[in-house]
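Notes for the one structure printed next.
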Amino acid sequence: MLGPDYSTKFSPWLASGSLSPRFIYEEVKRYEKERQSNDSTYWVLFELIWRDYFRFLSIKQGNLLFHAGGPRKVDINWSQDQTMFDAWRRGQTGYPLIDANMKELATTGFMSNRGRQIVCSFLIRDMGIDWRMGAEWFETCLLDYDPCSNYGNWTYGAGVGNDPREDRYFSIPKQAQNYDPEGEFVAYWLPELRALPREKRHSPGMMYLKPIVALKHGYTKKTGDSKVAFSSRRAKPEDNRRKGHGDRRMY
């Protein structure tokens with residue numbers, strides 16, 4: 001989640017209209033023809049298609065994209081606890097992976113695609129907070145803010161969009177293990193964790209803030225000397241989609 005290889009950083013330019021998605025598509029196809037296709041080129045084209053999908057979704061659904069129940073008009077009693085929400089947006093949840101991503105967002109106006117999915121899942125599934133509050137905070141902070149992609153992704157994450165899988169969930173310990181195994185990302189954005197051994201950075205105990213909520217959708221299973229939490233439900237494609245060393249996204 002650190003360095004130049006996890007994102008193209010095209011998204012701010014696409015959002016402002018400074019860069020044409022057709023130009024990106026043509027250049028990627030030219031690269032594949034002249035050199036080779038790989039996971040990086042796959043994901044760039046995939047995200048362009050995903051971007052277009054949310055535009056067509058917005059045209060079809062209109063203002064339903066901004067309603068609590070989303071396009072599917074799902075009846076959910078969301079919490080709007082401001083104190084809890086403020087802890088999330090300030091990066092003070094007690095979960096280093098969440099807090100580091102939120103610090104990055106507030107400082108730079110950017111967050112990785114993976115980070116956005118993780119903090120979205122945590123706000124909705126673990127905290128039970130109204131997804132629209134998260135979408136509005138992203139709208140406030142993101143350099144690449146685009147209403148179609150932003151609210152479309154949040155309805156998708158909240159289970160109120162066109163996709164019927166309402167129990168989509170990202171296990172924080174599992175995501176940390178997969179995407180920041182050495183704790184380099186959290187140590188970069190949370191300096192207080194840098195002195196800790198790498199294996200302790202995602203579970204610093206009393207050396208860090210007390211978790212604001214328990215992880216409601218997972219159980220803890222011992223794996224060797226460490227503890228890794230897994231979703232109690234069957235893993236969703238979000239945890240199993242193809243990925244490689246060169247995996248690059250729009251954001």
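Quick reminder: no glycine exception, Cβ is built from N, Cα and C everywhere.
TrEMBL: automatically predicted annotations, no manual curation.
Features reported for this protein in TrEMBL:
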COMPBIAS  235-251  compositional bias 'Basic and acidic residues'
DOMAIN    45-225  domain 'Cryptochrome/DNA photolyase FAD-binding'
REGION    224-251  region 'Disordered'
SITE      W78  site 'Electron transfer via tryptophanyl radical'
SITE      W131  site 'Electron transfer via tryptophanyl radical'
SITE      W154  site 'Electron transfer via tryptophanyl radical'
- [ ] Any same-chain residues 6+ apart from W154 (site 'Electron transfer via tryptophanyl radical') with CB under 8 Å of its CB? Would you list them in sequence order, or say none?
- [x] C120, W131, R132, G134, A135, F138
Task: Distant-in-sequence Cβ neighbours of W78 (site 'Electron transfer via tryptophanyl radical'), under 8 Å, six or more positions away - done: A68, G128, I129, D130, W131, R132
- [ ] Calculate the per-residue pLDDT averaged over the domain 'Cryptochrome/DNA photolyase FAD-binding' (45-225) and state the result as an integer.
- [x] 93
Task: Collapsed DSSP category at W78 (site 'Electron transfer via tryptophanyl radical') - done: coil
TODO: Tell me whether W154 (site 'Electron transfer via tryptophanyl radical') sits in a helix, a strand or coil according to DSSP.
DONE: helix
